[in-house]
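Presented below is the structure to which this report refers.
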């Protein structure tokens with residue numbers, strides 16, 4: 001019997017090893033195939049109405065999901081190891097900072113305990129919403145600052161404008177795209193009167209400074225002056241439905257007014273205007289009374305603003321010069337000054353103080369449509385624009401604004417409080433923000449899926465003398481809202 005040499009025996013053993021290794025590799029590579037084949041055999045033996053091809057695809061998908069979970073599980077284990085390593089490092093640092101008088105084991109236990117507490121706090125923080133955390137911090141001081149007091153619901157379409165009467169009884173007026181204007185009891189939220197004399201959208205409403213007369217502008221190319229008489233109902237107790245300012249909770253775009261709103265019951269109506277002003281060739285978008293109430297100014301999409309005599313309803317002046325449609329007009333509370341806003345990115349100041357000279361100044365501080373420009377009691381003009389900015393101007397030097405407020409959404413018809421000069425900014429994004437004249441943000445009115453505006457906010461109006469509601473807003477969610485702003489507390493938080 002021949003005897004193998006040492007080299008040939010070693011070669012044969014290496015060959016056997018390579019063979020067994022190749023067999024094990026083939027077995028490994030075929031494991032997934034064997035498993036899927038076995039599972040397919042099991043599926044064929046089960047009673048199912050699904051086609052075999054569909055069941056096979058589902059099986060492949062579940063296998064991929066299983067592999068993804070396995071990978072995540074492995075990554076999780078690696079992360080746990082890294083956390084343990086970091087805990088050990090923190091324990092070592094704890095020993096260095098605490099000094100050598102404590103044992104290493106005690107330091108490690110103390111550091112690990114602190115780390116676990118910190119980790120638990122971080123987990124809790126990440127689970128909570130950032131907005132809720134912010135609200136909880138501000139709730140103690142802001143809950144008494146901004147409160148939603150009353151909702152005025154009854155219009156069948158969006159509300160463009162609102163205002164408060166300047167004579168007794170003090171009521172709220174709203175102008176809506178449903179072709180009507182309404183007068184409301186501020187305390188009860190009840191509709192007191194409905195004006196239905198327009199044939200188009202009612203775009204603005206302003207009240208006479210001394211008499212019970214209202215001025216409305218409409219898409220029917222006219223402005224109407226009409227008289228009203230209302231009797232206030234007995235006030236009802238106000239429910240506390242307040243939420244803190246800076247409430248960032250925004251759960252959804254819930255629209256509870258998609259259906260037809262129920263019109264106010266037993267609400268008297270007026271259908272005939274005392275005076276109808278007809279000179280415009282386009283939509284009349286806004287109108288206002290000049291100081292004294294003997295003249296009114298209207299702004300139209302025909303690019304002109306008209307000055308009328310109230311008693312004769314005659315056109316006194318046609319103010320032309322804007323290159324595009326007008327968006328708003330406003331009069332000074334104590335002087336014969338008018339400011340008009342336009343889509344041409346400018347606003348113009350018209351001076352009628354001297355009867356013989358009617359000067360005009362053009363201001364080009366914005367880069368998009370100027371949605372409104374309003375006077376303050378002093379010598380300032382505040383302008384808002386679709387370029388998401390609000391600018392404060394000095395009438396004595398209007399070459400450049402004295403303050404600029406930059407926001408995250410287009411700004412609509414703004415208002416400035418008389419006494420403290422707080423600017424209320426209604427936004428396209430359903431928010432209402434309050435700023436001071438220097439551009440410092442004071443608050444954001446609460447808004448959630450439970451209260452606040454659910455659509456674009458079109459206008460704001462202050463009424464500081466009213467103890468129930470001193471700020472009103474309206475929007476395209478078909479409602480007006482009365483707010484109580486604690487102005488001293490608001491300024492104290494600044």
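Along the chain as shown, the residues are counted starting at 1.
A Cβ is built for glycine as well, from the same backbone N, Cα and C atoms used for every other residue.
In TrEMBL this protein carries:
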REGION    1-39  region 'Disordered'
COILED    62-96  coiled coil
REPEAT    152-194  repeat 'WD'
REPEAT    195-226  repeat 'WD'
COMPBIAS  247-263  compositional bias 'Acidic residues'
REGION    247-268  region 'Disordered'
REPEAT    277-318  repeat 'WD'
REPEAT    319-360  repeat 'WD'
REPEAT    363-403  repeat 'WD'
Averaged pLDDT, computed only over the residues in the repeat 'WD' (152-194): 97
Within the repeat 'WD' (277-318), residues counted as helix, strand or coil by DSSP: 0 helix, 22 strand, 20 coil
DSSP-derived helix, strand and coil totals, residue by residue, for the repeat 'WD' (195-226): 0 helix, 17 strand, 15 coil
